[in-house]
């Protein structure tokens, strides 16, 4: 007979005892169970029953049940369309030529996996969790794993572009090794992201509260578990990628400013847009999450406003999956040309339109793009 889910979980529990991961999430993977926590990942599964005697949050649940499903639906549809085009482009035209290409393909996969978990949370927040305990664990794990993978891959894209542009001679000499490194790095990112998601896989489950099933996290130490998960998510999912991206892009801009080429200003605008969008969409959510981590919840009205802000900023943060294809891929000339060829092959675009599109291309490309074959990020 197939090995049961319980056997898999027991095996993972043994792994969590021996794998020396220096991070907060694995400190809480020891000896905790049977009490629910309001862990912040889906937000559609937060349990307010213990707070109702002190603070009635029916209006928060009403807002959430109408707002989040609508937002999840929009984000899912737009994100799947954009990331689907990225995947089709790379696979249909076999465009996996350099390190950035492999990172972008894996980023599209991570975003698609993340987006496919949203319909489950939408149904859960609109009604209740109807998919069973095992699916609760799987969706929780996929959600967290794809989230961390996406953030780490954005960080790797900035690092790869730094070496390709700032260290261009060295990157050109080690071109074949760069591709190999990107493949191994992508694999390592998925493995590390899975390790970070083990607490959700181990301690998530379905809890019935007042006739409503909820997919939540179970732990003896509610505050400790919730705080550690939030802190680890803020560090690995925001602060670390932001620091690496800011450093790499600052050095890239400095290098571009030394180049004698008009096209460099277009590349700089793309870089600035990438950083601004990342901060604008991720900072509000992480700020609210930081406040909630240390909030004692004594003021009922403030607590309800914070919960609503939590839902709104979380939805805003999810939009990164919709914007990534445009910031990192569709903005590029090569990508747009490939889309035209694809639409022509399937009969949606005529050759006249292809010719018109091609004639609109700039006559010159940036020197760094020609030297390093930058495919998307800095090819406006």
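Backbone N, Cα and C define each Cβ position, glycine as well.
Checking TrEMBL for transmembrane segment across the ranges 137-157, 200-220, 305-325 points to 137-157. Note on TrEMBL: of 31-51, 178-198, the range annotated with the feature transmembrane segment is 178-198. Sequence-distant contacts of the transmembrane segment (234-253), counting only residues of its own chain at least 6 positions beyond either end whose CB sits under 8 Å from a CB of the stretch, comprise 23-24, 147-148, 151-152, 154-155, 158-159, 161-162, 165-166, 196, 268, 271-272, 274-275, 278-279, 282-283, 286, 289-290. Away from its own ends, the transmembrane segment (137-157) comes close to residues 5, 9, 41-42, 100, 103-104, 106-107, 110-111, 113-114, 116-117, 120-121, 131, 182, 185-186, 189-190, 192-194, 196-198, 200-201, 204-205, 215, 217, 233, 236-238, 240-241, 244-245, 278, 320-321, 324, 328, 377 of its chain (Cβ-Cβ under 8 Å, at least six residues beyond either end). Mean pLDDT, taken over the domain 'G-protein coupled receptors family 1 profile' (82-328), works out to 88 on the 0 to 100 scale.
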